[in-house]
Amino acid sequence: MAQWDDFPDQQEDTDSCTESVKFDARSVTALLPPHPKNGPTLQERMKSYKTALITLYLIVFVVLVPIIGIVAAQLLKWETKNCTVGSVNADISPSPEGKGNGSEDEMRFREAVMERMSNMESRIQYLSDNEANLLDAKNFQNFSITTDQRFNDVLFQLNSLLSSIQEHENIIGDISKSLVGLNTTVLDLQFSIETLNGRVQENAFKQQEEMRKLEERIYNASAEIKSLDEKQVYLEQEIKGEMKLLNNITNDLRLKDWEHSQTLKNITLLQGPPGPPGEKGDRGPPGQNGIPGFPGLIGTPGLKGDRGISGLPGVRGFPGPMGKTGKPGLNGQKGQKGEKGSGSMQRQSNTVRLVGGSGPHEGRVEIFHEGQWGTVCDDRWELRGGLVVCRSLGYKGVQSVHKRAYFGKGTGPIWLNEVFCFGKESSIEECRIRQWGVRACSHDEDAGVTCTT
């Protein structure tokens, strides 16, 4: 009977074993490593923890489903056995009652048989329960071992997953730091580029202003040189006229001298006898001045005199001739790509025309302004202005420019005077113009041009 009494203790041991297997989320989370110091934000940590907990709950569910199935099968088997034993007792118990009142021996025999039967049933029940418990214990032991192995594998995978997550967090932190540094470097570089761009634009603007001033100075110098050349030509012409006049006078004097010498050669004088002395005559008139003698030697230089009063400024001279074309400058930066054209050829200008020439490529320059055609005065009229006019009319370039109404005098108003062009303008209206409508110029100074065909 001691063996039968040990059955509840074994059942308690199995219950303790089952209780030892039970675990919850807190025990599992306690096994997890502490939070990394240099990790991502709180939301990312919560997401990773939620994922780990969901995985753990799924594993626990997978482990508990077979256990519940085995326990349910054992309970069903035990109930089936109880039902069979109860049916046997029900079949045996009515037999002594059906025979009525028998002898006492039969009653004792029946009681002994019933007692033995009950003992046998209890032993059979205990053996069946013990056998079932042994089978359950073996199955549970095997299952617990498998569960422990799986749980250890899950913990190992979780630890490796957390370590990899921590490594990724460290890598992400390093990448974020490097990105912050790179962003700072890019901002500094952008600021330096903007500063350099501003300086370059400022220097370019200053250089453009200096180039304009230099071109104006060159233009003024060319005008002064042209005026000096015209003065030189005028003085040379005057000197040539004076020399021609002096040569004529010299030739006349030589001719007179030759005639006088011939006359003196033909005169002969005969000396007669001396006459009586006459009375003293009156004093005659003074004779003519003699021929000036040769200049004497140069004397020693005298002392330097005091500085005299500065004279009045002279009259502005005539504009000088046009200077030679300068060397081409450096190539500028490449401009932006222009918009797509319509495909049609460039039309000739409708505001400029050439009149009075031998063909359409030359003539007097006339401009249409305020509904009327007018001419251009030839003051400061040079090749760059003629180049702009020829290009606006569709020609390749300029051959020469003309002044002083070379193609005849025009009629109507004189619109422009002292036109200054750089040679890159598309029309003469884009050149530097002081004013429209000139009164200090006449049609004797109308400008003309000959374009290259």
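Backbone N, Cα and C define each Cβ position, glycine as well.
Swiss-Prot lists 1-50 with the feature topological domain 'Cytoplasmic', giving sequence analysis as the kind of evidence. Per-residue pLDDT, averaged across the topological domain 'Cytoplasmic' (1-50), gives 47.
Annotated phosphoserine per Swiss-Prot: S27, in sequence order, evidence recorded as similarity to another entry.
Residues or ranges marked as transmembrane segment in Swiss-Prot: 51-76.
Annotation comment: Swiss-Prot describes 77-453 as topological domain 'Extracellular'.
Sequence annotations record features per position, and here Swiss-Prot assigns N-linked glycosylation site to N82 (among others) based on sequence analysis.
As annotated by Swiss-Prot, N-linked glycosylation site applies to N101 (among others).
There are 10 other Cβ atoms within 10 Å of the Cβ belonging to N142 (N-linked glycosylation site). According to DSSP, N142 (N-linked glycosylation site) sits within a helical segment. The N-linked glycosylation site annotation in Swiss-Prot covers N142 (among others).
According to Swiss-Prot, the N-linked glycosylation site annotation covers N183 (among others). Of all Cβ atoms in the shown protein chains, 10 besides its own fall within 10 Å of the Cβ of N183 (N-linked glycosylation site). Annotation note: N183 (N-linked glycosylation site) sits in a helical segment as assigned by DSSP.
The coiled coil feature in Swiss-Prot is assigned to 194-255.
For N220 (among others), the entry in Swiss-Prot reads N-linked glycosylation site. In this structure, N220 (N-linked glycosylation site) is part of a helix by DSSP. A 10 Å cutoff on Cβ-Cβ distances gives N220 (N-linked glycosylation site) a total of 13 other Cβ atoms nearby, all chains included.
Counting every protein chain shown, the number of other Cβ atoms lying within 10 Å of the Cβ of N248 (N-linked glycosylation site) is 10. Annotated N-linked glycosylation site per Swiss-Prot: N248 (among others), in sequence order.
Look at Swiss-Prot and you will find N266 (among others) tagged as N-linked glycosylation site, backed by sequence analysis.
If you look up Swiss-Prot, you'll see 267-295 (among others) marked as region 'Disordered'.
Residues or ranges marked as domain 'Collagen-like' by Swiss-Prot: 272-343.
Summarising the annotation, Swiss-Prot assigns region 'Disordered' to 313-349 (among others).
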Practice problem: Determine, using Cα-Cα distances only, which of these glycosylation sites is closest to N142 (N-linked glycosylation site): N183, N220, N248. | Solution: N183
Quiz item: Roughly how many angstrom lie between the C-alpha atoms of N183 (N-linked glycosylation site) and N248 (N-linked glycosylation site)?
Solution: 96
Self-check item: Separation of alpha carbons, N248 (N-linked glycosylation site) and N220 (N-linked glycosylation site) (Å)
Solution: 42
